[in-house]
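Q: This is the structure I have questions about; it appears just below.
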Amino acid sequence: MRLPVLGKDTVRMRDPEGLQDKITRIQRGGQEKLQIISDFDMTLSRFSRNGERCPTCYNIIDNSNIISDEGRKKLKCLFDIYYPLEIDPKKSIEEKYPLMVEWWSKAHDLFYEQRIQKDRLAQVVKESQATLRDGYDLFFNSLYQREIPLFIFSAGIGDVLEEIIRQAGVFHPNTKVVSNYMDFDDNGILTGFKGDLIHTYNKNSSVLKDTEYFKEISHRTNILLLGDTLGDLTMADGVSTVENIIKIGFLNDKVEELTEQFLQSYDIVLLRDETLDVVNGILQFVTAKN
C-alpha cells in the first residue's frame, strides 16, 4: 500500500517500491526503535514565504539591529561570494569544504567585532521573519508525545535555533541540538563560539565528540533523516547500528540542476515544498498502533 501523502506533486522518489519496503519495516519495528535526525535551516524552517526568502539562523543575526550597517554590508558580501559556491552542482564536497570553513570563520570574526549581547537575542528572533515549515506543531508535538528522540544537527547558531523553536512553543525535552553555540563573557557579550566549527560539509561523526547521546539510544536502529543539502547525508554517521534509514531531502534552490543529484542520495526528494506533510504522513503511518 502506497501512502497517499507520497502522491503529492512535490514528491520525487528514487525507488518507490524499495521505499515502501523500508517504511513497512520501520512500522514493524515500532516507535520504540525509531529516531529522527534532522538539519534545521531550510529543513525544519521554511526556505521562502510569499516569494520572499526566509532567513537562516545566521541571516537573523546578519539582518538585525544588533549588527551595524557596515557589519551588515560585510556579511552580505560574504553571502554573495560563498552561497553560490555552497550550492554549485559542479563543485565536489571536497572542493566546497575549505570554502565553507572560510565563510563561517569570517562571519564569526565579524560577529565578535559587533560585541553582540546575549540578552538581545530573544527579541531579535521575535522581530525576524524566521518561520518553521507548515505542520511543525504536529511534527514536534507528536514526536514528544510518542517519546521519539529528535536530534537536530545544525551548521547554524544553536542559541538562535533553540529560540525559534521555543518561541513557536514546541521545544520539548526529547529534542537534542548539536550546533554552533555562542560563548559570552560575564557581561553577556559575545567572545567566541564553543567547541568545533560546524559547517554545511562536516556534519558527521568528526564533530560528534559527545556520542553519549547515540549510545543511550543505540536500540533505536531505524532512522528518518531530514536534510536540504548533500552535506546533510552524513548526519547519521554517529549511529553505530542502522537497520533502516529513510533519507528525505528538501530541495529548495537550483531545483532543475540538483534534482538528479539529490535523487541519487535521498530516498525522497521534496521540490519547493514548504511543509512537513510528507514527514508527518510517514510518521503517522509508522507509529500507528494497528
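Residue positions begin at 1 at the first shown residue.
Cβ coordinates are placed from backbone N, Cα and C, and glycine is handled just like the others.
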Q: Which residue of Asp228, Asp237, Asp253 does Swiss-Prot report at the same Mg(2+) site as Asp39, Asp41?
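A: So, going by the record in Swiss-Prot, that would be Asp228.
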Q: Quick one: which of Lys96, Lys106, Lys194, Lys203 does Swiss-Prot put in the substrate site with Ser154, Ala155?
A: Lys203
Q: Quick one: which residues besides Asp39, Asp41, Asp228 have a Cβ within 8 Å of the Mg(2+) site's Cβ centroid, in sequence order?
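A: Sorted by sequence, the hits are Phe40, Met42, Thr43, Leu44, Ser45, Ser154, Gly227, Thr229, Asp232, Phe250.
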Q: Including all protein chains displayed, how many Cβ atoms other than that of Glu86 (CMP binding site) lie within 10 Å of its Cβ?
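A: Excluding its own Cβ, the number within 10 Å is 18.
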Q: Other than Ser154, Ala155, Lys203, which residues of the same chain sit close to substrate? List them in sequence order, counting a residue when its Cβ is within 8 Å of the Cβ centroid of the site.
A: Asp39, Phe40, Asp41, Phe153, Gly156, Val178, Ser179, Ile198, His199, Thr200, Gly231, Asp232, Met235
Q: Neighbour count, 10 Å Cβ-Cβ cut-off, for Asp228 (Mg(2+) binding site): what number do you get?
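A: 26, counting other Cβ atoms within 10 Å of Asp228 (Mg(2+) binding site).
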